[in-house]
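Have a look at the structure below before the remarks.
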Amino acid sequence: MLRFALRRFVVALLVALTVMVLSFMLTRLSGDLAISIAGASATQADVEIIRKAYGLDRPLVLQFLEWIGRAALGDFGESFFFKARTADLIKERMPITLTLGLTGLILALLVSIPLGILAAVRENTWVDRLVQVIAMVGQAMPSFWLGLILMITLGLQLGWLPISGTGGPEHYVMPGIVLAFSAIPALTRLTRAGMIQALGSDYIRTARAKGLSRLSILGKHALRNAAIPVVSIAAVQLGFMLGGSIVIETVFALHGVGFLAWESISKNDFPVVQAVVLVLALIYIALTMAADLLNALLDPRLRAA
Amino acid sequence: MGGAVVMPSRRRLAWGKRAGLIAGGAIVGLVLLVAILAPWITPHDPFAQALDNRLSVPFWMEGAKPGHLLGTDGLGRDYLSRLIYGARISMLIGLLTVVTSGIIGTTLGVLGGFFGGRVDDAVLFAITCRLAIPVVLVALAVVGLLGSSLTLVILVLGLLLWDRFAVVARSTTMQVRNLDYVAAAWAAGMSTPAILVKEILPNIASHLAVVATLEVALAILLEAALSFLGLGVPPPLPSWGLMIAEGKDYMFFSPWVIWIPGIALFVLVFGINLLGDGLRDLLGAGDTR
């Protein structure tokens with residue numbers, strides 16, 4: 001197990017390094033950063049001053065090494081637009097994005113686990129078919145559009161929830177619902193598949209032969225086994241959701257990291273964009289590694305890989 | 001459970017799946033036809049503004065104007081005509097993105113699956129790195145840096161969405177690699193590239209077709225989201241995502257301006273997914289999700 005964990009950790013580190021290189025290169029795509037920062041009205045002399053001030057006149061490799069060295073210490077430099085330290089900006093906004101992500105994940109699990117179980121128990125009936133159609137509806141739903149529709153219906157027409165903005169728990173309900181939609185299809189299908197497999201296995205037949213109640217068979221025996229892949233996919237989904245929250249945070253003007261990223265992209269604020277890409281990628285890498293380790297811990301067969 | 005396993009009624013199952021395939025095919029076929037025929041079937045010029053005829057309501061509401069079946073937008077442009085041209089943009093982006101990502105992903109996956117060892121390690125590593133990159137964020141950043149255009153959106157999405165192609169191409173190639181006819185091709189002295197193209201590719205093509213359909217749907221949804229955020233297809237092009245963004249200003253008083261393009265988007269993506277799922281069952285392509 002230790003060897004597996006170590007190996008997995010090295011891979012995660014290499015992936016993180018690659019993503020760092022990529023997110024650094026991403027901001028150099030535009031050609032000359034100094035011209036972008038200086039703005040349209042700057043003279044050639046202004047551009048040169050900025051180039052010197054931000055160290056953009058040095059070789060790329062040197063710039064990268066400096067950035068990576070500082071990033072490792074949690075220093076992502078100064079934001080051009082907000083006139084604040086990038087790390088502080090992200091630290092300040094991260095709780096909002098995490099709250100949104102967890103709200104979405106919990107809502108998604110609350111819907112998809114019962115639906116998946118229902119579909120598995122009634123496999124190949126119209127109930128099963130209906131659940132699959134529901135999953136497909138979730139998959140086809142444009143999240144930003146669903147957000148707007150909820151704003152019109154729940155927000156304006158019924159007046160149940162605030163239409164947009166950052167604030168108390170009620171501000172997370174609509175964005176949470178929208179975010180949950182993106183995870184429901186995968187989680188439902190996985191629960192269904194896991195339950196079908198579990199229900200067809202020998203130990204369930206034994207449990208039935210012993211005359212255990214239906215509820216005890218479903219809850220205690222089948223669900224526990226089907227839950228392993230669901231938990232690990234839920235972790236991965238959380239990573240995807242944090243990355244995808246940029247659209248939803250923008251729609252609902254929820255000032256989390258996603259909104260920060262959108263603001264910085266439209267303001268050409270490169271240090272922030274770079275940092276947000278990196279931080280979200282690192283969270284994803286950490287979550288998938290945790291999921292893999294958890295899986296290996298629960299199922300020794302996976303450790304051989 | 002009561003001990004009794006409910007046996008599937010085969011006919012109903014077959015009917016349900018076939019119905020999905022037919023419905024999905026019909027939706028996709030119709031949208032494709034509309035997209036191709038756009039210049040000949042649009043009632044108005046989709047770019048022609050008429051500021052004296054702004055936000056004219058669609059036909060089912062009171063006060064609709066006879067010439068504008070789905071009303072007009074905030075600049076007085078005919079909504080039906082814009083919707084039809086929007087189908088063109090969605091289809092174009094969906095198909096071209098998948099061609100790009102399909103080539104990248106299939107190449108990587110087939111190489112990894114066929115050669116195994118170090119090559120496969122490298123391919124797996126590339127897939128892992130790709131999955132760690134937040135797609136929407138990076139696509140937005142690139143478009144924000146380089147300026148929005150149709151070509152750039154296709155290129156960016158194509159370079160980002162190859163992961164599922166690679167995963168499926170890799171696993172199916174591994175299965176096919178050890179089959180008898182590949183061994184026979186080796187024995188017959190066929191070169192490695194020839195085996196890859198003539199023996200492996202045709203045999204994993206059905207799996208790739210299923211992935212391709214599902215990826216078209218994903219690309220269309222992502223384009224709409226990018227355009228909605230103002231970093232996708234530039235105005236005045238009538239992308240459905242952009243139409244929703246433009247309608248956002250009027251949505252509280254004229255909600256139909258966002259209902260119409262949103263439903264079009266949903267129905268198209270739903271149809272493509274139905275088609276993909278139906279194809280999966282028809283071709284026996286197994287689980288390619």
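Cβ from N, Cα, C; glycine included.
Now, the feature entries from TrEMBL:
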DOMAIN    A:94-291  domain 'ABC transmembrane type-1'
TRANSMEM  A:96-121  transmembrane segment
TRANSMEM  A:133-160  transmembrane segment
TRANSMEM  A:172-190  transmembrane segment
TRANSMEM  A:226-252  transmembrane segment
TRANSMEM  A:272-298  transmembrane segment
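Long-range neighbours of the transmembrane segment (A:172-190) within the same chain, counting only residues 6 or more positions beyond its ends whose Cβ lies under 8 Å from a Cβ of the stretch, are 99-101, 103-105, 107-109, 111-113, 115-116, 119, 131-132, 134-136, 138-139, 141, 143, 146-147, 150-151, 154-155, 161, 229-230, 233-234, 237, 240-241, 244-245, 248-249, 251-252, 254. Sequence-distant contacts of the transmembrane segment (A:272-298), counting only residues of its own chain at least 6 positions beyond either end whose CB sits under 8 Å from a CB of the stretch, comprise 1, 4-5, 8-9, 12, 15-16, 19-20, 23-24, 26-27, 67, 71, 76-77, 79, 81-82, 86-87, 89-90, 94, 228-229, 231-233, 235-236, 238-240, 242-243, 257, 260-261, 264-265.
Outside the transmembrane segment (A:96-121), and at least 6 residues removed from its termini, the chain residues within Cβ reach (under 8 Å) are 127-128, 131-132, 134-135, 166, 172-173, 175-184, 187-196, 199, 218, 223, 226, 230, 234, 237-238, 241-242, 245, 248-249, 254-258.
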